[in-house]
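In TrEMBL this protein carries:
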- 1-148: domain 'Cation efflux protein transmembrane' (DOMAIN)
- 6-24: transmembrane segment (TRANSMEM)
- 36-57: transmembrane segment (TRANSMEM)
- 90-113: transmembrane segment (TRANSMEM)
- 125-148: transmembrane segment (TRANSMEM)
Amino acid sequence: EILGALMSMIIVWMVTGVLIYLACMRLLHPDYDIDATVMLITSACAVLTNILLSLILHQTGHGHSHRAQAREGTSAPLEPALSNASLQAAFVHAIGDLFQSISVLISALIIFFKPQYKIADPICTFVFSIFVLATTITILRDILTILMEG
């Protein structure tokens, strides 16, 4: 479970690293073409898919029943929504993918309406990559604490 979660976080960081590298290449070599229509359609599909996946993963890891509490009339302590480390890592992975997809969607919208602002693509990649990396640090810290028997 923990190794699967670690692999998920490593994949998120590797993909983010590749995206940052490609964004740097686009800044250094601005002679590239972007088909904004294809970018817009693809990113919109990716955003919808990642929203659906995030909702499914969040519901799968939801650790308590609302109906049982309502019948009993007591307030039992709530378990964390995603207590399984693999589910938590998969959920964070999906959220990371969602933010990257939103970045591409924002870039696509800007480029679709103002093609001369194609620099929006690498800029959005940098901004959302920093956000994704920052959100995964706590999970990575928790995984490493478990692996190091902290």
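Glycine too: its Cβ is placed from the backbone N, Cα and C atoms.
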Long-range Cβ contacts under 8 Å made by the transmembrane segment (36-57), restricted to residues 6 or more beyond its ends, are 82, 87, 90-91, 94-95, 97-98, 101-102, 104-105, 107-109, 111-112, 115
Residues in the domain 'Cation efflux protein transmembrane' (1-148) per DSSP class, helix first, strand next, coil last, are 119 helix, 0 strand, 29 coil
